[in-house]
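Engineer: Mind having a look at this structure? Questions to follow.
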Amino acid sequence: MRHISSLLQGLARSLSVGKERKGGDGDDGKAAAATATAVLRTSGTLWGEGSETFAAVCSRRGEKGINQDCSIVCEGFGCEEGSVLCGIFDGHGQWGHYVAKAVRESLPPALLRRWREAVTLAALIDGGEKRLCECRPDLWRQSYLAACAAVDAELRASRRLDAVHSGCTALSLVKHGDLLVVANVGDSRAVLATASPDDGGGARLAAVQLTVDFKPNLPQERERIMECNGRVQCLADEPGVHRVWRPDREGPGLAMSRAFGDYCVKDYGVISAPEVTHRRITAQDHFVILATDGVWDVVSNEEAVQIVASAPEREKAAKRLVEFAVRAWRRKRRGIAVDDCSAICLFFHSPPS
């Protein structure tokens with residue numbers, strides 16, 4: 001109940017300010033910054049003020065030029081003490097790094113604005129706090145869907161950024177009390193580390209994948225693309241790498257089925273709609289890893305969980321994982337340029353004393 005009560009109080013303050021200001025999601029960015037007690041946009045760490053959460057972030061440039069990955073961690077997101085937003089974005093194409101940064105800056109305020117609207121409307125329709133608590137997951141889902149649609153439309157209308165042949169993936173989560181909401185657009189991945197009984201009567205950390213890697217060859221993705229007259233094919237020199245192609249051209253081919261930008265293939269089945277899932281965090285859940293495909297291409301879910309769990313200090317957990325991935329690239333994929341590798345490790349509880 002405390003989460004909804006304090007949230008509604010924060011919304012009242014925010015909405016009273018909003019009456020004095022008109023504008024779109026870009027203008028709302030200032031309000032979003034004001035409601036976050038701390039924001040981390042680079043490699044580093046961030047302690048959760050008033051909570052037990054702790055985030056470690058690391059990104060390493062690959063061998064393909066500029067690092068097109070970027071990330072954000074917002075503590076105190078949505079006017080709520082202990083609420084956290086994490087996001088990781090992977091650009092592609094000539095201007096992919098700009099697209100990734102644009103989405104990183106636009107998505108949090110767009111999401112916050114839709115969340116405010118959804119909660120306010122729900123309170124007017126059925127003002128009971130119990131009912132609001134019950135419908136929180138669905139409100140977050142609605143907010144994410146609306147926010148991602150708005151961000152993609154804003155990006156398409158932008159005169160400052162060419163996102164026709166460039167785009168980015170976006171994986172983000174909101175921790176709101178014991179509720180964890182995860183939204184995924186593209187092929188980055190979120191993996192939860194949770195305690196599971198082992199054969200010896202003790203406990204081990206198990207890896208639970210929370211997201212789907214949205215590749216074009218997934219049955220539901222391929223079906224949508226084909227219905228929109230797009231093609232899903234592999235190049236002769238890239239066996240196993242399925243790409244989305246326009247029906248009348250050979251390139252460029254997109255290696256994921258969901259993304260922001262990439263308007264050259266948006267009419268052929270590529271979408272920016274996220275898959276939104278949720279779960280309740282328990283005492284058995286230790287941390288969650290958000291990482292770009294540069295990490296997951298060479299590191300298994302189980303390996304990632306063990307690497308993070310075995311870090312001598314939480315501050316070095318993300319760095320340890322990313323550096324392991326870079327070494328794995330050079331060992332497993334010799335002759336292939338190392339991809340950008342980025343990770344966020346969000347710990348839910350204080351370390352044991």
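Counting begins at 1 with the first residue displayed.
Even glycines carry a Cβ here, placed using N, Cα and C.
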Engineer: Looking at Swiss-Prot, which one out of Asp138, Asp293 binds Mn(2+) 2 in the same site as Asp90, Asp339?
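Structural biologist: Answer, per Swiss-Prot (Mn(2+) 2 site with Asp90, Asp339), from Asp138, Asp293: Asp293.
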Engineer: Which residues does Gly91 (Mn(2+) 1 binding site) neighbour through Cβ under 8 Å, counting only same-chain ones at least six apart?
Structural biologist: Gln68, Asp69, Cys70, His97, Tyr98, Val99, Ala100, Lys101, Ser166, Gly167, Cys168
Engineer: Using all protein chains shown, find which of the binding-site residues Asp90, Asp293, Asp339 scores highest when you count other CB atoms within 10 A of its CB.
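Structural biologist: Neighbour-count leader: Asp90.
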Engineer: Provide the three-state secondary structure of Asp90 (Mn(2+) 1 binding site) computed with DSSP.
Structural biologist: strand
Engineer: How big is the gap, in Å, between the Cα of Asp293 (Mn(2+) 2 binding site) and that of Asp90 (Mn(2+) 1 binding site), rounded to a whole number?
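Structural biologist: If we compare the Cα positions of Asp293 (Mn(2+) 2 binding site) and Asp90 (Mn(2+) 1 binding site), the gap is 8 Å.
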Engineer: What Cα-Cα separation, expressed in whole Å, is found between Asp90 (Mn(2+) 1 binding site) and Asp339 (Mn(2+) 2 binding site)?
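Structural biologist: If we compare the Cα positions of Asp90 (Mn(2+) 1 binding site) and Asp339 (Mn(2+) 2 binding site), the gap is 11 Å.
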